[in-house]
Amino acid sequence: MKKSLVLVFALVILWMEDTGAEESDGFHLKGRTKRQIPKSLTVTTILEQPFAMTTDSGELEGYCVDLLSELAQALEFNYTIHVVKDGHYGSKDQNGVWNGMVGEIIRKEADLAVAPLTITTVRENAISFTKPFMQTGIGILLKKESSSGGSYLFGFLNPFSKELWIGIIISYVITSLCLFLVARLSPCEWAEPSNEQNQYTLLNSLWFGIGALTLQGVEPQPKSVSARIIAVIWWLFSITLLAAYVASFASYVNSTKDLTPNIETFADLLKQDKIEFGTLANSSTFNFFKYSKNPTFRMIYEYMDKRKDRVLVKSFSEGVQRVRDSNYAFLGESISQDFVAAKHCDLVRVPEIIGGRGYGIAASLDSPLIRPLTIAILEQFETGNLEYLHQKWWENTCTSAQTQAGWVPVQPHTLGGIFLILGIGLALGLIVSFIELVCKSKSKAVQQQKSCCSAFSEEIGQRFGKTENQESLEKVQP
Ligand code: GLU
């Protein structure tokens, strides 16, 4: 009697362990469900950003890797993860043999496929899927259509950034002032002030600067070493600036040309012939067009089928590279396209999305893993963890400055060196003119038997103070 009581008690405890916890808290998995999962699993995945990517140390990271680790924690299993050997998602050949991750699951080389693997009818007949952990559709990835991003009327100002234009104006004014100063200080330019008008008045200096900047070589030509130093440096500065302006203007004009026709829908693809388009070979996207009854999608399929070898790509990254390098539109899953458009600012996904589908975790047919994994995925949804993972891996790194199809105006730091050389040249010119004046004052002091200082201040007074004519006039007036 005692023995049977103990037995009944033990059975009741076991039953409660199996059901009680979940009844009180909907989020927790049943003990039995957990126990159906083997302790160690082999997981296959595919390298596609940001789902699974290899780090510098050779490890895997990404959305799917994080998701797998969350699921392993929730269901208490260990796992080893590897990248699918043939690099395919999974399609059936004419003999009915599956390749890719689907093939690995069927051949029991992997227990699970945690990857952006689309749930499709043909696959569902060969393997089992959990409920989708991510929803997506089919979109068009394009190189960003060029637009001027500003007024065409003043487009000639766009090759340089605002800061650079301000820098150029300030440099021009400072250089003209320096030239004016040097022409005053240098005895060679200010040879006979009483009977010769100084050539470099402030206006003439400004005029000389503009002439050089536009390669017009205006008069007056400098005579002294110091003024020549400043003139040469300014000429060099002007030439570099013009070369940079011409180069930037050429690429600006190209970037504003309407090279890409306006494509906003799938039907637009068929209305033009400038841009080729295609999908990943043997992908669920390709099959979507293949089996579609929609006339537009059928025509898209026929276009791709006729040019199979040219327009279908082998991997997602190849498709993205082709969009960036040539006139090519990549038709693929919008969620992956959103990721690349967020990382490469020259790319854009057009707004139209067709063919809603989902990614599920795959296991072999009738695998006991599917149900607990589905529950764990739902739990991840309900706790907001999947949304957090999405935000983490789909972070947008495009800034508004990096718009216009990769073209950006020349920034001051690009021409920083030439500004530095100009500064050094101006300083050198001023120093040399000062030395020239000191030398002249010395010889004048010897000639007129004055102190060097008074000869120097006399020279300075002549240049910046009152002229002799003014002095004599003042003497005459009472
Ligand atoms: N996720 C797709 C698949 O499982 C591959 C990408 C695509 O179809 O664009 O086949």
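Yeah, the Cβs are placed from backbone N, Cα and C, and that goes for glycine too.
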Additional site residue, E70, E163, E333 [criterion: listed by TrEMBL with P116, T118, R123, S284, T285 for L-glutamate]: E333
From C398, C439, partner that TrEMBL gives for the disulfide involving C345: C398
List of residues, in chain order, with Cβ under 8 A from that of T118 (L-glutamate binding site) and at least 6 apart: Y89, T136, S284, E333, R357, G358, Y359
Helix, strand and coil residues within the domain 'Ionotropic glutamate receptor L-glutamate and glycine-binding' (50-107) as assigned by DSSP: 20 helix, 13 strand, 25 coil
Close-lying recorded positions around ligand 1 among P116, R123, C345, C398, where CB distance stays under 6 Å: P116
Closest of P116, K290, C345, C398 to I263 (site 'Crucial to convey clamshell closure to channel opening'), Cα positions, recorded positions only: C345
C398 (disulfide bond) - helix vs strand vs coil (DSSP): coil
Alpha-carbon spacing, P116 (L-glutamate binding site) to K290 (site 'Interaction with the cone snail toxin Con-ikot-ikot'), which is rounded to whole Å: 21
Nearest of the recorded positions (R123, T285, K290) to C398 (disulfide bond), judged by Cα-Cα distance: T285
Neighbourhood of K290 (site 'Interaction with the cone snail toxin Con-ikot-ikot') by C-beta distance under 8 A, where only residues 6 or more apart in the same chain count: Y301, D305
